[in-house]
């Protein structure tokens, strides 16, 4: 594939895995500048965007690029302003020939895995995360002696990954020779599949079972993957039996992960389970203030107050709003005021009268309209009287919410994201070809928005 084809595919996958607001604001217009020497240089329009993407989206973009090209590279976002200095630094470097990368990279035990900004010192503590922070610090201070496994769950962008990186940094600061691996369940699955294909399963097992600390993110994505669950079960057992620390994160507690083997579920519950909840107003303000101090920015308190009052869901969106404001101010050439802040964020802030639409809201309205029970949206029934309303509900979930395709599939009985894509395409085509049906869907959309 050419670099353009690679990046087109990366963007396609990113649109599925990243919230629509973040994708449209920060990812959509990025360009792949170069792909060499195990590094992907990605061009963005503004330095603010580059800094924020490097801090917050490096891991997920690294996983997506891996899925597309089949070997690991580290993404690095740079702005157009930084491009000249980057080229100057690299003009004298000799380009190394491409080599075939093994699916097993056993040199990923050090601090290079972790975002340098994600430490315990930069983690802002509040009522919603105090207990997870304390548990993570205890684990980092004494791996396998405090809580093993440590299971952290909570919504997107609340700080689970930050805590996992902080644990990694802390362990390696205390024990530089410790073997620590941070991965996601998706990356674990992809490496496992590739190891089977390349006849490297023993090397794969050596990598993941002969370590001191395993940090695995988004474990919920191993649901429905029987072979991966089998492999992870044995990996978990060997690490635990050898008194090695395991830290797991998820968007839900073990008991709510559908199609997870009971033997894995019970092991996840052996140690300590902690949940992170959305930050309160004081914590949101503290996060914004810490951010502007780190970046040495001058933003009026009333603008920060506006952001903290309007963005309440998670930290990632909070910091994203700040980055968007800075970019907007620079592009408009205007000083930051409350009025400019409201103008900059109008597309991502709901009006006071509006309510964030959930998939359950959509299922309820569509179910009432077509006389389908809520539970039937998640059932395996394929009769047309149920299957077609289910496709309509999937279509509306994609159109009216920021949930990723896998998340939408989960809410419809753990269906694969390709099923959601198919449903969206089918309903979109039916809308184009049938004016009566188009009006029907528009009426449903109005009812959902107005409930």
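The backbone N, Cα and C atoms fix where each Cβ goes, glycine too.
In the three-state DSSP assignment, the secondary structure recorded for residue 159 (ATP binding site) is coil. For residue 159 (ATP binding site), the count of additional Cβ atoms within 10 Å of its Cβ stands at 27 [all protein chains shown]. According to Swiss-Prot, the feature ATP binding site maps to 157, 159, 160, 161.
Summarised by DSSP class, the composition of the region 'Domain I, interacts with DnaA modulators' (1-71) is 45 helix, 12 strand, 14 coil. Annotated region 'Domain I, interacts with DnaA modulators' per Swiss-Prot: 1-71, in sequence order, evidence recorded as sequence analysis.
Swiss-Prot lists 71-112 with the feature region 'Domain II'.
Marked as region 'Domain III, AAA+ region' by Swiss-Prot on the basis of sequence analysis: 113-329. Mean predicted confidence for the region 'Domain III, AAA+ region' (113-329): the pLDDT average there is 91.
Broken down with DSSP, the region 'Domain IV, binds dsDNA' (330-451) shows 83 helix, 0 strand, 39 coil. For 330-451, the entry in Swiss-Prot reads region 'Domain IV, binds dsDNA', with the evidence type sequence analysis.
For the recorded ATP site, residues 157, 159, 160, 161 set the reference point as the centre of their Cβ atoms, and the other residues of that chain within 8 Å of it by Cβ are 154, 156, 158, 162, 163, 249, 276, 314, 315, 316. Neighbours of residue 160 (ATP binding site), defined as other CB atoms within 10 A of its CB across all chains, total 26.
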